[in-house]
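Peer 1: Handing you this structure, nothing more for now.
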């Protein structure tokens with residue numbers, strides 16, 4: 001390796017890509033370890049889609065029993081002894097939201113009223129047209145969620161089911177020591193089955209989604225860092241290879257930005273479809289590699305596919321098609337990528353090529369390569385959905401119909417057009433925002449403009465949607481980390497100035513070594529505190545309450561019966577719309593759980609004359625409870641078919657529990673059993689006056705003082721709680 005100094009810019013001899021395979025493996029290993037720890041630390045809920053659009057559908061497919069109203073799907077055809085063991089695990093229910101159960105009604109089809117008076121007119125062409133129209137109608141009015149995103153979780157649950165079946169088999173082996181070990185292992189698996197089911201998918205995403213995304217950030221920055229087509233006078237681009245000092249390398253700081261990003265740590269390891277979309281985009285950009293950023297001197301179509309680039313590009317666009325199946329909005333990133341690749345192929349068609357040949361090459365690349373392989377990815381995704389749904393569902397068309405054509409996405413909240421510009425991007429970037437803005441302000445005609453050409457249309461397209469969320473921007477955050485890493489790299493290199501004498505050289509060296517450490521420390525201090533708060537404290541109630549329920553059910557089951565008989569429990573969540581996961585976090589051996597939550601589907605939200613159960617409960621909690629469970633004012637139970645039987649456990653937020661507690665205790669004969677912290681409600685200066693009993697009068701059945709925590713003896717932290725009630729037998 002040779003290091004040369006040209007003015008203020010350093011270059012270094014390196015390989016074509018500056019990437020070492022062994023280095024990549026070790027880097028991926030340590031990133032995976034970090035993300036596994038990251039997933040373990042997260043104990044809170046960010047958005048219900050994390051569970052209701054991934055864990056619950058996958059759990060329904062694998063563990064849902066066929067006798068629960070037909071909403072579940074059974075894939076087991078085992079016979080004999082294995083069937084008996086499997087049935088013990090398949091006694092849990094399904095919790096599928098409207099996104100999965102949305103279906104097309106044939107009666108509403110335009111061709112349903114068509115009459116064919118003669119058999120001769122009903123030709124094969126007519127049948128084909130009718131079949132295509134049926135498929136399109138099924139797609140537009142059908143499900144809006146694809147099973148592509150949950151396929152890894154589904155495979156994981158299949159493995160868990162086999163593991164639980166093995167753990168349920170108590171047959172002993174001939175070897176006593178082996179028998180004791182296996183018995184202890186099986187007992188451990190049975191005792192921790194709830195944790196394996198609820199938390200396992202997050203660990204899976206940490207390795208298959210979060211870690212590859214971080215590694216892709218490093219690879220993309222490394223390849224952009226090693227471009228040889230840059231002029232020597234371009235001081236904005238850093239050309240230091242992996243063999244040079246890492247504190248001055250672009251890829252190092254891009255990876256640091258990605259790893260320390262609070263939003264990556266908070267959202268990337270969660271089981272979101274947005275996370276799957278993110279890894280598809282980043283891996284695709286990595287595979288397209290030098291051709292996307294102009295590193296190669298000619299198009300990979302013309303170069304004959306040397307270095308295996310066509311194969312990598314094929315797989316990249318297949319990933320793009322799969323990503324479109326997961327979320328159709330990913331096209332806002334993949335269409336610019338295809339256009340950039342096509343433009344570069346036309347530009348590289350040869351020095352003697354005319355404009356006509358250049359245009360022809362461009363269209364050949366776009367329509368003959370990018371589009372076909374993207375379509376293959378879409379076709380693979382449709383086949384996956386065909387397998388799980390049982391018919392040709394095309395969820396991204398259903399998503400377009402529901403959110404774009406009908407505009408029903410606004411039913412779940414709206415924001416102004418520029419919300420992403422003044423709120424979304426600043427929030428998810430945090431401390432990286434000034435570095436990102438500074439770096440894009442210096443872009444001329446560099447490879448960084450390619451990334452900006454992917455980020456800008458993606459944000460612009462999402463801005464047209466009235467319904468906006470922070471996590472919708474997750475796929476472009478890794479690209480923003482690459483920009484911020486470039487800015488930090490420039491900042492570190494600007495500090496590395498040559499000294500005039502040898503005496504000051506040693507001090508300068510020590511200062512330069514301290515600068516990267518100081519920057520990393522600043523990134524940690526400005527990201528990790530709120531990551532810890534959001535990941536451990538804020539909105540921890542839904543996860544903690546299910547942990548409490550599963551523990552209580554398991555302990556009660558062991559106390560009441562030591563046999564393998566199945567016990568039944570019902571749980572009612574009188575909380576916000578899908579505010580807590582259900583079956584995926586309540587898996588307990590030999591237990592059948594029936595969960596009910598308040599409805600808030602578009603069927604009631606989109607019609608002014610209808611009132612959703614969630615809205616009805618919020619307006620009048622006590623009246624809703626009395627009417628739902630069929631109790632009159634004097635406490636007598638009404639004999640009505642629509643009323644519900646009081647559940648084994650009832651969950652409610654503290655403010656609502658204050659209102660309905662008297663009805664639960666006096667009329668429904670339930671008792672308060674737990675109060676679980678949910679989030680910080682408010683802060684106040686510590687009140688040194690003696691406490692009165694006003695709080696006890698609101699909820700006399702249990703102590704409420706644990707809702708206040710005093711910090712440094714001067715500040716009172718007031719927590720909101722989730723209250724748990726149980727039926728008194």
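A Cβ is built for glycine as well, from the same backbone N, Cα and C atoms used for every other residue.
Those TrEMBL annotations? Automatic predictions, nothing curated.
Pasting the feature list from TrEMBL:
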- 313-341: transmembrane segment (TRANSMEM)
- 362-381: transmembrane segment (TRANSMEM)
- 387-406: transmembrane segment (TRANSMEM)
- 418-438: transmembrane segment (TRANSMEM)
- 472-492: transmembrane segment (TRANSMEM)
- 519-537: transmembrane segment (TRANSMEM)
Peer 1: So which of 313-341, 362-381, 387-406, 418-438, 519-537 has the most C-beta pairs under 8 Å when paired with the transmembrane segment (472-492)?
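Peer 2: So the stretch in question is 418-438.
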Peer 1: Relative to the transmembrane segment (387-406), which of 313-341, 362-381, 418-438, 519-537 accounts for the most Cβ pairs at distances under 8 Å?
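Peer 2: Ranked by Cβ pairs under 8 Å, first place goes to 313-341.
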Peer 1: Cβ under 8 Å to the transmembrane segment (362-381), counting only same-chain residues 6 or more beyond its ends: which ones?
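Peer 2: Same-chain residues near the transmembrane segment (362-381) but 6 or more away: 146, 148, 299, 301, 313-314, 317-326, 334, 337-339, 341-343, 345-346, 396.
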